[in-house]
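K.L.:
Provided herewith is a single structure, encoded as structure tokens, for subsequent inquiry.
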Amino acid sequence: MQQTPLFKNHYFHQLPGFYTALQPTPLHGARLLYHSEGLASELGLSSDWFTPEQDDVWSGTRLLPGMEPLAQVYSGHQFGSWAGQLGDGRGILLGEQQLADGRSMDWHLKGAGLTPYSRMGDGRAVLRSAIREFLASEAMHHLGIPTTRALTIVTSQHPVQREQEEKGAMLLRVAESHVRFGHFEHFYYRREPEKVRQLVEYVIARHWPQWENDERRYELWFGDVVERTARLITHWQAVGFSHGVMNTDNMSILGLTIDYGPYGFLDAYQPDFICNHSDHRGRYAFDNQPAVGLWNLHRLGQALSGLMDTDTLERALARYEPALMQHYGTLMRAKLGLFTASPDDNDVLVGLLRLMQKEGSDYTRTFRLLADSEKQASRSPLRDEFIDRAAFDSWFATYRQRLMQEDQDDEERRRLMNATNPKYILRNYLAQMAIERAESDDTSALARLHQALCRPFDEQPDSHDLAALPPDWGKHLEISCSS
């Protein structure tokens, strides 16, 4: 029996003046193209919800009981400069689904049409960008990285003009909250300190209720936001993920990865990798992400300066670097198969990364193959991946000595490393092939890639081709902010 999900909209009722209430604008010929069965199950939605009879739900044409759609207003810094009001220019928060375990989840429809905050945009999304966000959301979730999720992709016959004409689409994004750093900045720069305070109180009550009545709640909360952001970015660095557009309006207050645009996972290890071809100065290059994260937190701290004094803000911000280093060290040791800490661990890691950078070694493949090394063997199967084998042998001798300090035998260490180092990541060329097929209404490549990304650490013998290195045409795909 099909059970209708229960909705409320706390944001609608508790934060008047923070949004505009409005309905989604229909897309011509809209229909459900694809959905996440795993997320649907987590949300308690049966397969009956994903039949053609329900297309009007996923396109926002038919609202479910309790939905009260609205467009949130927020501002932000783009590429280091204050940009003023930025959105939400094409996304509508439909409502908050109330789950059986007591949590609530935003249903946010991206590409839902013009809002009062659209500026020069058309309020639409294209199928290409919807598929890229869907796949990235699923990939990151199954890699264990905090992220928004994506439930459905809707395609249409509605033409949308970008660099060329493309199919209009909608994506239903699911998250515990869509509040961004830019929400707080918006009211700070409008000189509305009471609204900043109101938003902070709302967020604490909804997501940090343990501190709701604590006199130090602002400091405790902001310190936790700082640490969540640090941990998120260490996850990105460890898995080789480059976000591409770390503007303050693209930073989640919950420490989730949000707004997948011109992102990319590292192929060859290239610390200064720039995935966004609009980022001409490399502000959001892969190796600059930790520094940008802290810069963005300083902008958030500035927006909160009416609630906390300078010493309190600086105390909270000072938690960033220790959290970053501690968490990054833990994640990277695990990638190396080191489960205790030693003073020399950073030298072992840096030695391998330098070799990889020098030779352009594939980031994901190198760490995955490293698990097949044995303590007692003088050579590693990974050796054949390097041209300068003498340099690799020198590094491997140091690595073997470090492995001797670990308690795990080779089989146990291999198992633990393979549960940390994925075999399957979302390479841009794989996404592009799935997009091209889906634009012709063939979702078979999308489904196959999605299924592999849901089990990134498993061998999956039938999917080995999806772990292949990019072909020449797929090595330098240019991805822009256009979506």
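Residue numbering: from 1, along the chain as shown.
Heads up, the Cβ atoms here are built off N, Cα and C, so glycines get one too.
Taken from Swiss-Prot, the feature active site, proton acceptor applies to ASP249. Look at Swiss-Prot and you will find GLY87, GLY89, ARG90, LYS110, ASP122, GLY123, ARG173, ARG180, ASP259 tagged as ATP binding site. Feature annotation from Swiss-Prot assigns Mg(2+) binding site to ASN250, ASP259; the stated evidence is sequence analysis.
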K.L.:
Measuring Cα to Cα, how far is GLY87 (ATP binding site) from ASN250 (Mg(2+) binding site) in Å?
P.N.:
11
K.L.:
Taking only the Cα atoms, work out how far ASN250 (Mg(2+) binding site) lies from ARG173 (ATP binding site), in Å, as a whole number.
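P.N.:
Here the two Cα atoms lie 14 Å apart.
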K.L.:
What binding-site residues in the list ARG90, ASP122, ARG173, ASP259 lie within 10 angstroms of ASP249 (active site, proton acceptor), counting C-alpha atoms?
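P.N.:
Of everything listed, what lies within 10 Å of ASP249 (active site, proton acceptor) (Cα to Cα) is ASP259.
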K.L.:
Would you count the other CB atoms within 10 A of the CB of ARG90 (ATP binding site), including those on all shown protein chains?
P.N.:
23
K.L.:
Output the one of ASP122, ASP259 that, of all these binding-site residues, has the highest number of other Cβ atoms within 10 Å of its Cβ.
P.N.:
ASP259
K.L.:
Return the residues near ARG173 (ATP binding site) by Cβ distance under 8 Å, restricted to its own chain and a separation of at least 6 in sequence.
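P.N.:
Set apart from ARG173 (ATP binding site) by at least 6 residues yet with Cβ under 8 Å, we have GLY91, ASP106, TRP107, HIS108, LEU109, LYS110, GLU133, SER137, THR148, ARG149, ALA150, LEU151.
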K.L.:
Ten-angstrom check, please: count other Cβ atoms within 10 Å of the Cβ of GLY87 (ATP binding site), all chains counted.
P.N.:
24
K.L.:
Compare all C-alpha positions of GLY87, GLY89, ARG90, LYS110, ASP122, GLY123, ARG173, ARG180, ASP259, the record's ATP binders, and send over the largest distance in angstrom.
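P.N.:
Max span of the ATP binding residues, Cα based, is 22 Å.
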K.L.:
I want to verify one value. Collapsing DSSP to three states, which class is ASP122 (ATP binding site)?
P.N.:
coil
K.L.:
By a simple count, how many Cβ atoms lie within 10 Å of the Cβ of the residue listed as 'active site, proton acceptor', its own Cβ left out?
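P.N.:
That number is 24.
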